[in-house]
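Heads up: the structure comes next, in structure tokens.
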């Protein structure tokens, strides 16, 4: 099977991650997945949401948005509408959950790391790109806490990355572009850690149903893609990559609280 952009079924689009893309943020990255491009910045706020005050641990949250002309037709800015849309709220909650899964929250103290993920060009896979690029920005932001003596070790327990898989014309395919995503019979978004544990699996049949065997082969394909993405995260983080996971013995803070943003 030759896909709409010439790739093989198990082939990802070219992925590039540019670290330190924003000179002001504690951590930042530009991630390019094919023609999808997302700027991710991580900022540290020395306070936590009300529900965590006095708990002695931190929080990781995210905001997600798209530039008006990130797509073929100009969209209205959500700031003009006065509130984020339902899709943006769903995506930013997914990003927050995914990143919290690999953070030692007690080691943060009562601090919040805020990820801003802004899509400057969309061609499918914006939410999965935001998670993968957001992780790199998160790690650099966390390193500032080590540099400042807030914590002796990087409070990141594992890698996390995400990709999409789906059934397109009956074939299992990896990393769907927009044209494939729009026409796929089944579409999954998969988030996994570097040690191979699932954080989230979102799967939908678009006008059709699917079997357990389809789920298995789609997840197997997602594992291949996410392993590749984690290797790229390792490469771009350089020497800092070796610090990730050194706190893995203390995972009590890695779980999220409820489904707040």
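A Cβ is built for glycine as well, from the same backbone N, Cα and C atoms used for every other residue.
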Of 69, 74, 77, 87, residue recorded by Swiss-Prot at the phosphate site of 125, 126, 127: 87
Winner by Cβ contact number (other Cβ atoms within 10 Å) across the binding-site residues 87, 127: 127
Of 125, 126 (the binding-site residues), the residue whose Cβ has the fewest other Cβ atoms within 10 Å: 126
Cβ-based neighbourhood (8 Å from the centroid) of the phosphate site, residues 87, 125, 126, 127 excluded: 64, 91, 119, 122, 124, 128, 129, 130
Where the record names 87, 125, 126, 127 as binding phosphate, the maximum Cα to Cα distance in Å: 13
